[in-house]
Amino acid sequence: MAGKRLLNESCSDTDEPKEKRMRPKPSFASVIGQAVMVNYLYTALEPVLRKVVNEEVERSIGDRLRSFTRSPSLRIQAAEPEPSTLRLIFPKALSLPIFTGSKIVDEESNQLQVALVDTRGGQRAPVLLPNPIKVDIVVLDGDFPSGDRDNFTSEEFDRNIVRERTGKRPLLTGELSVTVRDGVASIGDIEFTDNSSWIRSRKFRIGAKVAQGSFQGVRIREAMTEAFVVKDHRGELYKKHHPPMLGDEVWRLEKIGKDGAFHKKLAFEGVNTVQDFLKMSVVDPPKIRKILGPGMSEKTWDVTIKHAKTCVMGNKYYVFQGTNYRIFLNPICQLVRAEINGTTYPIQTLSSINRSYVEDLVRQAYVNWSSLEEIEGISNEIGLLTQGEDMLDQYRNQQNATMRSFEQNAYLTHDSFEGYVPNEMQADCSRWQISQNYFNTPNENGIRLNLLASNSDDDLTSPKSFISGG
């Protein structure tokens, strides 16, 4: 048995590798060193492995979610809320231009108003809330919103509110908080303290927004005016008047600048006021065009005279009289009524008189304007200066005065009016511009008179303009 065991041991020894038989046992120091090395590697690799694992997990989850989203049967669509139809508006446009320190009013010179409306269906229906709401008045950049975009958010509106410049007073002063009751609120006195030239757009808007915490409910969209320029108050000294007044200096008219070339030319000829300008335009239009010279084109002239003709005329008459005549003129030297030898010719019958004679009387009245008798009174024949020609047409339709008869001394012919000037009027005929077209041979009753048909034009540059309604 001992021999067999020795034989087995010798066989097993030959089968084992020599390295295993020769490997020494590790020392305590080497074991500790290996342990430290493994711990170091674990500490260093843990963050990297953790990051890789997290990224793979997130990518896998993301792929799964995208596959769900692409599936129509699993997609969930969130309904977008409809935009609110409630909004604030300024019912009327602003009166322009606007100057610093001047009260801001609407185009009818009334206080600004802000209203609450419902814009559903493209309409602007007034809205009456059960409780009043507070509204803040602010200044906006003139470039907001960009383009014609009307779907801005409240946050965008707030970001475009313009504040005062550093070291300046509040940009807008006055009643900047109003209460909307019954769908509307009037804004008291507000005014700008600074011009708009310092921002990029060089324009402001006035906006209105619901005060924070004033209304709990759907959004009420903000209001804003059109963009406008705010000029320094000193610019108001040079602004045009709409409409101009008779006593305004002539440079208040469009296209005539203060101390400019046209202003100096007119002043040199004694045309200092709007009334002076209109009187000369009526009596001697070629002269006033000559004064202005070729520098005023036809287009510029049309703008100036159109502006002048919106002048408020008032209710004054000016009377020029002599031995056998008495004529009534409006403030710009247009004939309103004439009395010749006791016969009164109303405005609509003045074409029945010798026009040259009437025009001569008007020219004399123009030259002696300062000596004319002034009469104040209310008359439909004196009002606004033909703000367009519709006013005159309306006036003519309203007149019911009848023409005085000339049956004893006159008779009608084709395209003319013929008659006799009574002998008692011949003493005054020295002023008449006599020509073969007007007069024929006299007879015992007087001088035979042919009154030509009137001109159909009705502007300030034709002889007919001497007669304000004819």
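Every residue gets a Cβ built from N, Cα and C, even glycine.
Since this is a predicted model, take the numbers as computed values, not measurements.
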Pick from 1-25, 151-175: which range has region 'Disordered' per TrEMBL?
1-25
By DSSP, what is the split of the domain 'Calmodulin binding protein C-terminal' (316-375) into helix, strand and coil residues?
22 helix, 23 strand, 15 coil
When the domain 'Calmodulin binding protein central' (245-311) is classified with DSSP, how many of its residues are helical, how many are strand and how many are coil?
40 helix, 3 strand, 24 coil
Quick one: DSSP breakdown of the domain 'Calmodulin binding protein-like N-terminal' (86-233) into helix, strand and coil?
10 helix, 53 strand, 85 coil
